[in-house]
């Protein structure tokens, strides 16, 4: 029953991690297309007066953020999506067949969960911090009358499609951090499963030793009686 509970919990969390990974990857891919491969994470710029008489301002990008940042978080989202899908199918198969991982495979699963947990945390942090820097830059640290969300409805004249950037990264961050919570739960379950399997193995070894001791005493007594009769 305990094994079935572990497998059922893992199956549900893997499915949720797959779902949230999908939620993160789709808007990130759309943003990459809208910005023509340019990355708005960590992008900095300033507002300048384009027309002094009319007082019209235009946002000038001083330096676009590193493309590797956007590529990394998209890659992590895809990896999380694929791994969770494979693991969900594998766990569901074990649940239906009544199989269970060995102690060694449970330990490998724990290491994999820890690795993915760390990588998704890094991706979520990059997404949150990088997008915060972009919003601070485009709103001049809150000095602009419009918020970062409102500015997506304004044509920033950057040669890119910026009509959905806030919604895209808000959804992507939600997907990444939700996926991280799922992997956190999976890591805890993987640790508990390793501990459970280790305790079971110790119990099995203890039972084997007790059986050997119980079988060994009668054999020793029979050998003693046989030797005594032979001497007589």
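Heads up, residue numbers simply count up from 1 along the chain you see.
Just so it is clear, glycine is given a Cβ too, placed from its N, Cα and C backbone atoms.
Record features (Swiss-Prot):
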CARBOHYD  51  N-linked glycosylation site
CARBOHYD  162  N-linked glycosylation site
TRANSMEM  6-26  transmembrane segment
TRANSMEM  75-95  transmembrane segment
TRANSMEM  114-134  transmembrane segment
TRANSMEM  169-189  transmembrane segment
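If one looks beyond the transmembrane segment (169-189) by at least 6 residues along the same chain, the residues whose Cβ comes under 8 Å of a Cβ in the stretch are 6, 9-10, 13-14, 16-17, 20-28, 31, 40, 73, 76-77, 80, 84, 110, 113-114, 116-117, 120-121, 123-124, 127-128, 131. Cβ contacts within 10 Å of residue 162 (N-linked glycosylation site), excluding its own Cβ and spanning all protein chains shown: 21.
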